[in-house]
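Comments concern the structure below.
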């Protein structure tokens, strides 16, 4: 008998980190919750990272996911912004890992391909497919929608990921 698996998807960002929680049983997906954790742009970097940490820790504690999926970052022309995003991503990976969850990573193109069928697409296409895949899904803004898409990507890929990890562990 299959067990329902609760997945949290995290879309890291220093200003806004999106999160989305879904339940998956076999091929079925069920929306649980979504939102964003924000940091105060007037605060120093360390304080902002603490805000992200504390907010994500509360979400993980309250929703009790079984697995986490985090979007990989891309390198842009602004090296300072890329480094800050990398630090926010570190928090996004640390929080579920410290809670004992396995953490999986997905490239943005893989997330889009899992949700809309192609690796390059518009935000509106993601929003539309989220509503088709999970009609009861509620999300405010692109960050929460992206986080739900990341969770769905993991739900579609989790069997293969688990097998690869077992084989690598030897």
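Glycine is no exception: its Cβ is also placed from the backbone N, Cα and C atoms.
What Swiss-Prot says about this protein:
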{"type": "ACT_SITE", "residues": "11", "note": "active site"}
{"type": "ACT_SITE", "residues": "71", "note": "active site"}
{"type": "ACT_SITE", "residues": "143", "note": "active site"}
{"type": "BINDING", "residues": "11, 143", "note": "Mg(2+) 1 binding site"}
{"type": "BINDING", "residues": "71", "note": "Mg(2+) 2 binding site"}
Least Cβ-packed of the active-site residues 11, 143 (other Cβ atoms within 10 Å) is 143
Rounded to a whole number of Å, the separation of the Cα atoms of residue 71 (active site) and residue 143 (active site) comes to 11
Students should find that the Cα atoms of residue 11 (active site) and residue 143 (active site) sit apart, in Å rounded to an integer, by 6
Across every protein chain in view, the count of C-beta atoms other than its own within 10 A of the C-beta of residue 71 (active site) is 24
